[in-house]
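K.L.:
I grabbed these lines from TrEMBL:
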- 21-170: domain 'Tyrosine-protein phosphatase' (DOMAIN)
- 90-149: domain 'Tyrosine specific protein phosphatases' (DOMAIN)
- CYS115: active site, phosphocysteine intermediate (ACT_SITE)
- 210-358: domain 'Tyrosine-protein phosphatase' (DOMAIN)
- 279-337: domain 'Tyrosine specific protein phosphatases' (DOMAIN)
Amino acid sequence: HETPPISELNRLLWKFTGKSNHLDEVRPGIYIGDLYAAKDKSLLKALNISHVLNAAHGKYNVNTGESFYRGTNITYHGVEAFDTPSFDISSFFYSAAEFIKGALSTPGGKVLVHCAMGLSRSSTLVLAYLMIEEKMTLVEAISAVAPHRNICPNSGFLEQLRTLDIQLRIEMRRSRISLSDQVGEKGKYETPPISELHMLMWKKLGKREHIDEVRPGIYIGDQYAAKDKSLLKALNISHVLNAAHGKYKVNTGESFYSDTNITYHGVEASDTHSFDISTYFYSAAEFIKSAVSTPGGKVLVHCAMGLSRSSTLVLAYLMIEEKMTLAEAISAVAPYRNICPNPGFLEQLRTLDIQLQNRCSAT
């Protein structure tokens, strides 16, 4: 099996003329729909929908949430995704697949996966589910869904599904090679390629709250957690490391925390593949070490979404100060929070891993 290029996948999508109702059943028990279907509780009741996965969760998207379905028997799960080619929806592939699987495993369970129009975000997550849980290739997943509903993942999402397809095929071929052996045998350790690091991250499904404790005294979070001073006080956060410092990013700074006992450190990093975040690895690690060395010290490391920049700096800290390999650092953090360093940052962490291993070998 070879993953087809985008052009062929688009031809495959256009080949099928599925329906385009407010909601359509695309697999037994799996419906894809739009915001009108999601908000029509009488329709959902008539169809015995037991679970709703909102791929456009959030105040400025389809703002339903658990409270909207209170009084029904519906279990809700929200994914705050934006329908732009640059948005990284892949960080939700495994948690969404797990939710859909859980819905179908419930006796009589039926799940509606929706976004605003029921075309891009929702279909992307359903295709990912079929690939992850039903072991379909991307072509097979499209061929299974498209005859039943018009679907149209945007070009960026389609590329991310291609990446998932490639990674799952590699994982199948390498199923006999255990990553845990690489982690365990330090003498034989080699820095894994990007594809295996992604598999290691996705293998361990963490939470995705505004803030999660990933190591004793170390929290990863988003801008909402960073700006919620009452939450930080309740958690006894003593230090904040802002990996998205700056006027046009998460513009907090020392002045924002001047009425608290919080020690602030800002890193003006951009979440782009080409940005060199490695120049901050050692200073950030030193700040985190200082925070957790303070009696009762707790540190929040955050960026805008708490996925890429912040997790990259925490992984670097574990490698530099706690002498972990990159594989060990990912294995330590990923079960407690969904993390997703962008490919450029992951490559820079690989370089750090190689440098640290070479230094160990030399001493």
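Positions of Cβ are set from backbone N, Cα and C atoms, glycine also.
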K.L.:
Could you tell me which three-state DSSP class CYS115 (active site, phosphocysteine intermediate) falls into?
P.N.:
coil
K.L.:
Could you tell me how many residues in the domain 'Tyrosine-protein phosphatase' (21-170) are helical, how many are strand and how many are coil under DSSP?
P.N.:
69 helix, 25 strand, 56 coil
K.L.:
Ten-angstrom check, please: count other Cβ atoms within 10 Å of the Cβ of CYS115 (active site, phosphocysteine intermediate), all chains counted.
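P.N.:
Excluding its own Cβ, the number within 10 Å is 28.
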